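Annotated features in Swiss-Prot:
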type	residues	note
CARBOHYD	59	N-linked glycosylation site
REPEAT	77-136	repeat 'FG-GAP 2'
CARBOHYD	87	N-linked glycosylation site
CARBOHYD	99	N-linked glycosylation site
REPEAT	339-390	repeat 'FG-GAP 3'
CARBOHYD	391	N-linked glycosylation site
REPEAT	391-442	repeat 'FG-GAP 4'
REPEAT	443-503	repeat 'FG-GAP 5'
REPEAT	569-629	repeat 'FG-GAP 7'
CARBOHYD	690	N-linked glycosylation site
CARBOHYD	732	N-linked glycosylation site
CARBOHYD	872	N-linked glycosylation site
CARBOHYD	956	N-linked glycosylation site
CARBOHYD	1045	N-linked glycosylation site
TOPO_DOM	1121-1161	topological domain 'Cytoplasmic'
């Protein structure tokens, strides 16, 4: 490679991924009711904003505003609104044609009062580019609905009613009839008691010149109360076409009675079902106190239609009938706005046409949410043709209260137009339905239903052609009231179904968490390609976020899923103005209103509309190259001495800046910043920039479109050990948040999909000789540092000295692998003293698994990445030796040296070494205190025998089982005289013990025993016992007893009075396999000494005779001495006479004594 160049499109926008400018939006504001409720981009340069709640004049609400993007000002659009368009809320819905030549503005709340009812039909204006009204749809204000009613009075004429009350009842009938003058209502009247009389029929009422005079001649019948019979007569006779009843008219029966039926042959159960079947709506008026009881009240409920609270009236007397006259009238009028059991009486009276709209060249689509009792649908108004109503009536689906047409959108597939309608209240979860035209009739093609009650799924729709090929790819369906614990609202991404497959939604878009009442998805719009990736982007409004301040989300188009699942930008109202409310309640995008070649987004808020511009998009290409293309060996190789910084070469960085967006901004001077880093991620970089003397460098420049290059000098400040991996140069590029000199100071962003990090590499020249092929020649040896035998259990560590060398060219990735038995485990590695002119070895060892469970392996990397030619080194690997290890009698350790480029079939690269193995044990034999230790005997006992015993205990204190033998030596014969008749008592019968007679070592026992009065196997014949233990277990304990009769006659032969009888015990094992722990060898042997002592017999007569003669001689000597001293010559008699009678005093030279006067007995 002579020149390395890598190209990168790198990106890190000033606000990463943001494409809409929030620094300087254009804000339109008007003090008009509902301003910002709707907005649409129109004509490529202006916005049309609806203010549907503005009161323009009496009975006229709604106004449109023309807002110019260039000036930021709005002007009311002057329109001539016909007087009958009462309170239509003009501007609640807006739609513009794709070519910008027509605008459709609707007021779906247009009111029309018909009698006591107020109807809401809706009306729309189709406007041209100069605000001229091209068409009004519907073309005329609809007439009040024509409702026919046939009303029958069935009045009680029984005798319980006096004449005055009967006349008041007649006046009530006349008043009610007068309330329906001017309507298509016919009356008939029948009086009942036990007699029945029809006073006038519908035919008579229609033909009578004075309809009021029909009541005056009525005379009370008197009699009983046959109410059930009277109702049956009305049902079968009066509501009959022969009496003028009309088939199309509503049938109403008003029953007026003062009490319960009496002696009537019929029951209500006989007649009420017939009235129900005939579709007669019945009102019951009870007069008087007879209806205070529960039975009477129940009779009124039975007469009336359900529910009773809407069809039963009670008054205290006939004079009070006038108080219910207006209520009855309202109830009857309300029949026109209710639905019966059989069908919906509402058709299009409450349709609210224009609640949603779509504008095409083929006509106008107006959503009619109120049609057919709010089942909903849509009207298509083709040019110069009658309108077509589109709904679900042919699908046999209950759509009552579904609001079909709440939202309207068009979808195109290969030139075929499809209509998509939202029904957010369908079965309380919501639905979206696709209609297509088949044989000039619009039929359902597909539908998808919401999943959560109350979510309002289908409240908003958006048709998206992601790849701009002219066919709709997917439909976005908003469910703004979808509730989750931390967010509110979601938008389903539903690909347009192909063929007859079931319509399904593949993904869901959500706003940020923390906004459970955010109403995400309340408004949707196609934004256009704002990030210049050839895919259409969308915007979604969430006007309820942050306590109804609102926010708008931007989602980019994606080639695979259609729409990216995560938003690229969230614009909170607080970023624009602290006083905004419901920001995002209306959206409109897809046009360039500011004439800069960039798409703009209009966002409606309460009382304001904001125009957000998209930002210009730049593409930045980065190329990096090095000269020379490799770092020379002469630059990076060194030994002990530290080199001064040497030049590694030059790095040239080139930036190519070009525009991605097709804007009208000309040459863009943008402020850019790029950060360079050498060897990022390493603790110490191998190279630095000459300019900064460290591995990082930052540049910030203002650059225009084109190519911009800069050359930087690189230095190597230190010896380089790792010359295998190249020096990495990272470049991080970003645009600085500074406005460009353009209208309103737009800030450019980088193209989406670009990266923000560029990497280039500078390799090192390899030391491969003239042939260009690098081949190492490794060798390795092992030694155990003079250790002759490994004693397991005693040697806790094993040090292995490893020597490795390279006799070839540079070796890359040199590894020494050690293979050893599983009883060893790698502990540490340490380097030996380094050789002159060589740096210390860099070692890193790790244990690696092997397939053989009895074998372990360690890998030690040596001087990674390069073990240079001629290098050698020695290091010590220390292993822990498990005290439980079983290594056999010899341990084998193998070593192999390898690398990425080592010479093949080199015998020096492998080495193996064996070491003898023994196993440390700790066995102990000890004498027991229970043994016989002392005997004394007399000469007379020489022929007697006494039992004696020596006890020994053997313990295994090792960590392993082993086979041992215990030998005992006991003296049994001295010079042919029996000493001890001993036998062995082993701890178990299964333990074999054998005995053997051993002669003495010295025949001259007298000489030996005179030196040491000890009887042992050196002078006596001994009996040797050997007990073999094939498996002496860990912590096992064995007791042995030497027991037998001891003789004393042999002691005379020793010429000694006191002799020690000694037995000896000793443990033996295979010393080629086992070794007693160092310092514990003495515990393998023990001896027991038993003292024998002869008692001496003495003659006492000579002693006694000698003692007696000596005593007599002593007595004679004492007597003679006393005599010479005059002891026997003292005058006791005179001394007694000289004393008083009661006292005797003895005097002498040496003492005196006074005797007390003691009375004599």
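All residue numbers here begin at 1 and follow the chain in the order shown.
The backbone N, Cα and C atoms fix where each Cβ goes, and this holds for glycine too.
Of the glycosylation sites 87, 872, 87 has the largest number of other Cβ atoms within 10 Å of its own Cβ. Only sequence-distant pairs (6 or more apart) were considered; of these, at least three Cβ pairs between the repeat 'FG-GAP 3' (339-390) and the repeat 'FG-GAP 2' (77-136) are under 8 A, so the stretches are in contact. Residue 872 (N-linked glycosylation site) sits 91 Å from residue 391 (N-linked glycosylation site), counting Cα to Cα.
Long-range Cβ neighbours of residue 59 (N-linked glycosylation site) (same chain, at least 6 residues apart, Cβ-Cβ under 8 Å): 83, 86, 87.
Across the fold, the C-alpha of residue 99 (N-linked glycosylation site) and the C-alpha of residue 732 (N-linked glycosylation site) stand 44 Å from each other. Here residue 391 (N-linked glycosylation site) is positioned 58 angstrom away from residue 732 (N-linked glycosylation site), judged by their C-alpha atoms.
Confidence for the topological domain 'Cytoplasmic' (1121-1161), expressed as mean pLDDT, is 51.
When other Cβ atoms within 10 Å of the Cβ of residue 732 (N-linked glycosylation site) are tallied across all protein chains shown, the result is 17. The secondary structure of residue 99 (N-linked glycosylation site), as reduced to three states from DSSP, is coil rather than helix or strand. Of the listed glycosylation sites, namely 99, 391, 690, 956, 1045, the sparsest CB environment within 10 A is found at 99.
The two recorded residues residue 690 (N-linked glycosylation site) and residue 391 (N-linked glycosylation site) have their Cα atoms spaced 78 Å from each other.
Helix, strand and coil counts from DSSP across the repeat 'FG-GAP 3' (339-390) read 4 helix, 22 strand, 26 coil. Between the alpha carbons (Cα) of residue 391 (N-linked glycosylation site) and residue 1045 (N-linked glycosylation site) lies a span of roughly 126 Å. Under the DSSP three-state reduction, residue 690 (N-linked glycosylation site) is assigned to coil, being neither helix nor strand. Note: the repeat 'FG-GAP 4' (391-442) comprises 6 helix, 27 strand, 19 coil (DSSP; helix = H, G, I, strand = E, B).
Residue 59 (N-linked glycosylation site) falls within neither a helix nor a strand when secondary structure is assigned with DSSP, and so counts as coil.
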